[in-house]
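Accompanying notes for the structure given below.
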Amino acid sequence: MTDAILETRGLVKSFGALRASDGITLDLRPGEIHAVIGPNGAGKSTMIKQLSGNIAPDEGTVHFLGRDVTGLSTMARARAGLARTFQVSALAMEDTVLQNAVLGALGATSSPYRFFRPALKKAELRDRAMAALERMGLAGHAATVVSELSHGQRRQLEVAVALTLQPRAFLMDEPMAGLGGEGSQQLTGILDRLRAEAPILLIEHDMDAVFALADRISVLVYGRIIATGTVDEIRRSPEVRDAYLGDAE
Amino acid sequence: MSRERLLGAVVLLALGLVPLAAHLMGEPFTITLATRAAILALAAVGLNIALGLGGLVSLGHATFFGIGGYAMGILASHVQNYEPMFEWPFLFEGSTSMPFIWLVAVLASALVALLIGLLALRTSGVYFIMITLAFGQMFYFFSISWSAYGGEDGLSIYVRNGFPGLNTLDPIQFFGLSYAVLCIVLLGAHLLARSPFGLALGAARQSPDRVQAVGLDPKRLRLVGFVISGAITGLAGALFADLNRFVSPTMFSWQTSGEIMVFIILGGVGRLFGPVVGAAVFVMLEHWLGDMSEFWHIWLGLLLLAVVLFARGGLVGLIAGREKAHD
Amino acid sequence: MTPILIAEQVLNGLQSGVMLFLMAAGLTLIFGVMGLINLAHGSLYMVGAFAAAATAAVTGSFLLALVAALAAAAAAGALVERLVIRRLYDRDHLDQVLATFALILIFSEGTRWIFGSFPLYLDIPEALSGPVTLPGGIQYPLYRLFIIGMGLVVAALLFWLIARTRLGIRIRAGENDREMIAALGVDIARLYTLVFALGAALAGLAGALVGAIQSVQVGMGEPVLILAFVVIVIGGIGSIEGALVGAILVGLTDTLGGIFLPQIFGLFMDPAAATQTGAALASMAIYVLMAAVLVWKPTGLFGAKS
């Protein structure tokens, strides 16, 4: 428990009669990729929004780096080192790739309330942004406007912007969504190397990617975690087969 | 230099040269028209920061335009009437100095923008439009019922306020001053758009989720953008009042808000020179169409409708292409 | 300050509130169903008033004038919807604001072109003129009572229309889920034209009814439009109940504030200053009300949670 980077205890969130989170307890440990899988409507999005601070839980707590962050905003959590990627790319579509990455560097390193010197000419912002782009293989596209990127490149940029925060943990909401086999494989390789830097809580539908990457898997069904374990344990678990693999695949 | 920049430079240069030519040919009315265009462009440059950069559809920028105007009117009228504004804690007789009036106009509009922004930015979308429009109307009715400063009739200031080293009553000198202010503010707006703040505010318009996820507060960015925007439009209001040597509740009216927005749309939203092109075209149309037909607003309406429905990107977009400059 | 005066002013406030409701209901319906912000709604109010005044001048019949107002505003609404508005449903709010602002310019100047710049007058019909004595000895103009009654009847009809009729079901479905009603085989284009014309007719009726108390002139619609926006912000966008409650609140605040604030200030200021300060503050009262609602409930009293 003590060495967990990110940890939730008994998260409950209801929307009317629907209990979207029904006592979720899980943790993310250093160096691991912890995948959360579950059928559609299991409450994965609701869970990640409580982790990132977009919605507040009705009950339960979220701890990050040993601190209770349950009452903190998304912004405060991001500044504390919790980086998030979105299921549907949330990027400044009219801006260039570099501008998007510089935005991340700006959030991580300095105040945005500077009004005169061009953002792209600030060496500390630019270097940090370019380093992240290079790692995601986007350095050659720095001057490209995001709306002209391919879907796969946008997914990579999502991760690159998260990288500029030099985070202590990643929350990734279906980073493989909409990627073809090749793109998905490429991103799998990148995430594989990323875990050494900061652990990843990964929500993902792509089972090949999950089984290839995850150190541990939690299975979320109707707002509850019904099993947590290694890839093999989850594959063998009869409850998981019944509740999830059984009817979903 | 991109086509957009080139077009902007040409228009700005033309705006500067036409009055010079008019001055040499002894046509002061043309100079006044150009001054009007420059000041209205300034008001629109202000709105463009909220609207183009921040995506805040403010239909209440007449509020700031009017506050700037009344800052001039109130300060100058006390001097004109030899009635001190207040005697405690020190004697203050008002002011006829443009730099001081501008300072008051900018600070007062910024303060009001802060208050309106705090309320209106609790909401978004259509609510924001309606609320800014409503607060504009509030100032309009307030100025009508506040009889100490002219009420419905407004305030006439007989002598244009002074600027050190200039004879502001000479049309070409007052034009030069207004034009210089416009150029300085344009340069500021250009720097702002590329600055860290501009980058963050622009991103907050395009993807507030992303801005939050990197640890920045989109609401606070918008609020600061709205305040800067209001302050610039307030400065334009003070100049406009000095141009006419008259302020009235009309400066606060919803039509004024609409027209400031129209300048931007005619020119092109979010484009540096859009407001300049739009204001210049508007003043020319007002002058020429107004001469031809008493009902020139019909033609303006049809033109505006055509631009909105068929020429998104405004006139700058039509000429320079839809793609905006990136740098 | 007598109870009779207070009762009179409450009735005046109610009357202006009920008229505001007719405006706000159309606006909120159009926004709820089509997602459109329509600045030109005030123009339709003006069209109704001018149609009524012109018809009354020719025929001398107030009833025909009201019918003409309804018909002219609905027709103008349907026409504008077909020609312009339907191109705006998929646009952002900025485009909607600008295009409908352009429509205001066209409507206003067009009306000035046809009718000239001088105000027209619409007379209160014989049968409705003069005061009546209400219980408690209050003398109150019959016509204003008629307006209140008319407004309440229309409000009741509107609630019935939306809650009980097939059109109402479609309108409510349209507010919730556009694809759903398309899937049900409803002709959306026709539904939208109908809703827009309905909203326009309500505005036109309000314009005609109010036109008989005030003068009928170009530009009469926009102040009412902005008040209706205040109503909607207070009541919550898309909510007809909110529009009713908000309209009454705004009507009462505006009327009572204008009368009583100067008197209240008169208690501790000299009369001239009290009148001036009171009037200035009264002009701000409804906006203060709006600000208070915004602080308390940003999406309005009856608005959906964001």
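Every residue gets a Cβ built from N, Cα and C, even glycine.
TrEMBL does not curate its annotations; it predicts them automatically.
Residues annotated as transmembrane segment in TrEMBL: C:18-37 (among others). Same-chain residues lying 6 or more positions outside the transmembrane segment (C:18-37) and placing a CB less than 8 Å from one of its CB atoms are 44-45, 85, 88-89, 93, 96-97, 100, 147-148, 150-152, 154-155, 158, 171, 174-175, 191-192, 195-196, 198-203, 205-206, 209-210, 224-225, 227-229, 231-232, 235, 237-240, 242-244, 246-248, 250-251.
Residues or ranges marked as transmembrane segment by TrEMBL: C:43-76 (among others). Counting only same-chain residues 6+ beyond the ends of the transmembrane segment (C:43-76), those with a CB under 8 A from a CB of the stretch are 23, 26, 103-104, 107-108, 111, 115, 120-125, 128, 197-201, 203-212, 216, 218-221, 224-225.
The annotation transmembrane segment is assigned in TrEMBL to C:97-122 (among others).
Here TrEMBL flags C:142-163 (among others) as transmembrane segment. Non-local neighbours of the transmembrane segment (C:142-163) in the same chain are 11-12, 14-15, 18-19, 21-22, 25, 124, 128-132, 171-172, 202, 205, 209-210, 212-213, 240, 244; each lies 6+ residues outside the stretch with a CB under 8 Å from one of its CB atoms.
Tertiary proximity for the transmembrane segment (C:191-213) is limited to same-chain residues at least six positions away from its ends with a CB under 8 Å from its CB atoms, namely 19, 22-23, 25-27, 29-30, 33-34, 38, 41-42, 44-49, 51-53, 62, 65-66, 69-70, 72-78, 80-82, 85-86, 89, 122-124, 143-144, 147, 150-151, 154, 158, 167, 170-171, 174, 181, 220-221, 224. The transmembrane segment annotation in TrEMBL covers C:191-213 (among others).
For C:225-252 (among others), the entry in TrEMBL reads transmembrane segment.
For the transmembrane segment (C:273-296), the residues of the chain that approach it from at least six positions outside its boundaries are 227, 230, 233-234, 249-250, 253-254, 257-258, 261-266, judged by C-beta separation under 8 angstroms. Taken from TrEMBL, the feature transmembrane segment covers C:273-296 (among others).
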